[in-house]
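Asker: I'd like to ask some things about the structure below.
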Amino acid sequence: MGAVGIVKLSGRDSIEIASKVCKLRSGKKIQKLPSFKLTLCDIIDDNNKALDEGLVVLMREPYSYTRENVVEIQVHSSTLIIQKIIQICIIKGARLAEPGEFTKRAFLNGRISLNQAESIAEIVKAQSEKALYSLYQNLRGMFGEKISEWQKSLILIQANIQVECDFSDRIGTSDIKNSIIEEINTIRQNIKQQYDKSKKFQNLQNGLLVVICGKPNVGKSSLLNAILGKERAIVTPIPGTTRDAIEELFLIEGFPFRFVDTAGIRESQNYIEKIGINKTKKYLEEAHLVIVIFDRSQELNNEDYMLVDLVRKKPNIIVLNKSDLASKIEIKDVKKLYPEEPIIEISALSGKGIDGLLDKIIEKVKIIKDNYDEDYLAINLRQQNELFKTAAFLEQAQKSLEEGFPIDLISIDIDGALRCLKRISGEDIDKDIVNSIFTNFCIGK
C-alpha cells in the first residue's frame with residue numbers, strides 16, 4: 001500500500017454519488033466545486049460520521065480521461081477506509097469498474113483510438129526506457145497518424161480505380177495502371193518496414209533473450225544464480241534437475257534481457273526430460289545471445305558436441321565452469337569447436353571469473369544494442385497481425401494488376417487492406433475483440 005489511496009468514479013451520477021461520501025470542510029456542496037481543484041473534505045459514513053479526512057477533485061465532462069464526469073477521492077491508504085468508501089458508493093448507485101473500463105470508456109467516447117488504448121496497457125508493462133519512449137509516442141498518436149496516412153492513400157487509389165473504370169475510353173489506361181501499381185508498392189513497402197521494426201519493439205518490451213545452455217550438470221543453474229546474485233534456480237548434483245526453463249529479467253545498460261536457465265541437452269528416454277530438452281532447442285532458435293557452458297572437470301563427449309550445430313548461427317560466449325577443480329579439457333580443443341567466440345573460465349560455485357563473464361556479456365550486449373538505436377512504433381501482436389494481413393492484401397492487388405487482371409477487381413483487395421487498418425484503430429472491430437482487449441487491463445485503468 002502507498003501513502004495515498006484513490007477511489008475514482010466515472011459516469012453521469014459520479015458527482016452526486018461523491019457528495020454522499022465527501023463533506024467539504026468549507027460547507028459548500030461538491031456540485032458547486034470548479035473542475036481540477038483539490039478540495040479538503042471529510043469522508044463520512046451513512047450516519048454522517050467522519051471516518052477520515054481527504055481530498056476530492058472533480059473533472060467534468062468532456063474534459064476528463066473518460067469524457068464523462070469523473071471524481072477522484074484521495075484518502076490515507078487504509079484498506080478499511082477504501083473498502084468503506086467503495087461500499088458507500090455502491091449503496092448510493094455505483095458499481096465496481098471492470099478491468100480496463102475507464103480506458104474502454106475513453107475509447108468508446110472517442111477520446112482515444114483503440115491502438116492508443118492498447119499503448120496504455122503496454123506502458124504499465126514497459127521493461128526499458130526505449131520501449132517506454134516508443135509507447136508514449138504511440139499514446140501521443142504517432143501510430144494513429146501512420147494508419148490515417150495509409151488509409152488516405154488507399155482511398156485515393158480506390159478513387160483512381162473508379163475514374164479509370166468510368167473513363168477508360170477517354171484516358172490512357174496504362175498510365176493510370178502503372179501509377180496505381182507504383183502507389184500500392186510504396187504503401188506496401190512502408191507497411192512491411194513498420195512490421196519488421198515492430199518485431200524489434202517486441203524484443204524491447206519483452207526482453208532480449210540470453211540462453212544458458214549445456215549438457216546436464218555443467219553448472220547452468222549455478223551460473224544463473226551467480227549472475228543474478230541470488231538463488232533463483234535449484235542446484236543439485238543430480239543431472240537433469242532442471243526440467244523446465246527458468247527465466248529472470250536482468251537490466252543491462254537500460255536494456256531488458258531475459259536470462260534463461262534451460263534443461264540440459266542430452267539423449268534421454270525420460271518423457272518429461274525430453275519435453276524440457278525440446279523447449280531448450282526452441283529457446284536456442286529465438287536467442288539473441290547464447291552462453292554455452294562446459295564442465296572443465298569432465299572430458300568432452302557427444303553431449304557437448306551436440307551443442308555445436310544448435311548454436312552455430314548465434315552470438316556465443318563459451319564458459320568453462322568448475323575452474324576450482326582439476327581440468328580435463330584443453331582450451332585449444334574447445335577453440336576448435338568455437339574458433340570465433342570468447343572463452344571464459346569461471347567457478348559458478350565460488351564466484352571466481354563471474355565479473356569477467358559479466359564484462360564479456362555487456363560487451364556482446366552493446367553489439368546487440370547497436371541494432372536497436374533507431375526509433376520504433378510501439379506495435380503489439382494484434383496490430384502486427386493486422387499489418388501483416390494489410391501487406392498481404394496489397395501484395396495480391398499489385399500482383400493482380402501486374403498479371404493483367406481487370407483493374408476493378410483489385411478494389412476487393414484494397415477494401416480488405418482498409419478493413420485491416422480500421423481494425424487497428426478500432427474504427428471497424430468486433431465487440432468481442434474490444435472486450436477481450438480491455439479484459440487484459442488492470443482494474444483502475
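The backbone N, Cα and C atoms fix where each Cβ goes, and this holds for glycine too.
Curation plays no part in TrEMBL annotations; they are all automatic predictions.
According to TrEMBL, the (6S)-5-formyl-5,6,7,8-tetrahydrofolate binding site annotation covers LYS8, GLU72, ARG111, LYS445. The GTP binding site feature in TrEMBL is assigned to 217-222, 236-242, 261-264. If you look up TrEMBL, you'll see ASN217, THR236, ILE238, THR241 marked as K(+) binding site. Under the heading Mg(2+) binding site, TrEMBL lists SER221, THR242. What TrEMBL lists as domain 'TrmE-type G' is 207-366.
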Asker: Given the binding-site residues ASN217, LYS220, SER221, ALA263, find the one whose Cα is closest in space to the Cα of GLU72 ((6S)-5-formyl-5,6,7,8-tetrahydrofolate binding site).
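Answerer: Spatially nearest to GLU72 ((6S)-5-formyl-5,6,7,8-tetrahydrofolate binding site) by Cα position is SER221.
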Asker: What does DSSP say about ARG111 ((6S)-5-formyl-5,6,7,8-tetrahydrofolate binding site): helix, strand or coil?
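Answerer: The residue in question, ARG111 ((6S)-5-formyl-5,6,7,8-tetrahydrofolate binding site), is coil (DSSP, three-state).
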Asker: Take the C-alpha atoms of ARG111 ((6S)-5-formyl-5,6,7,8-tetrahydrofolate binding site) and LYS220 (GTP binding site) and report the distance between them in angstrom, rounded.
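Answerer: Between the alpha carbons of ARG111 ((6S)-5-formyl-5,6,7,8-tetrahydrofolate binding site) and LYS220 (GTP binding site) there are 50 Å.
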Asker: Determine, from DSSP, whether SER221 (Mg(2+) binding site) sits in helix, strand or coil.
Answerer: helix
Asker: Just counting, how many other CB atoms are there within 10 A of the CB of LYS8 ((6S)-5-formyl-5,6,7,8-tetrahydrofolate binding site)?
Answerer: 16
Asker: For the (6S)-5-formyl-5,6,7,8-tetrahydrofolate binding residues given in the record (LYS8, GLU72, ARG111, LYS445), what is the largest pairwise C-alpha separation in angstrom?
Answerer: 19
Asker: Give the residue from the binding-site residues ASN217, SER221 that has the most other Cβ atoms within 10 Å of its Cβ, counting over every protein chain displayed.
Answerer: SER221
Asker: Rounded to the nearest Å, what's the C-alpha distance separating LYS8 ((6S)-5-formyl-5,6,7,8-tetrahydrofolate binding site) and SER221 (Mg(2+) binding site)? Just drop the number here, would you?
Answerer: 46
Asker: State the Cα to Cα distance, in Å, between LYS220 (GTP binding site) and LYS445 ((6S)-5-formyl-5,6,7,8-tetrahydrofolate binding site), rounded to an integer.
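Answerer: Counting only the Cα atoms, the answer is 40 Å.
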Asker: Select the most exposed residue of GLU72, LYS220, ALA263, where exposure means the fewest other Cβ atoms within 10 Å, treating these as the binding-site residues.
Answerer: GLU72
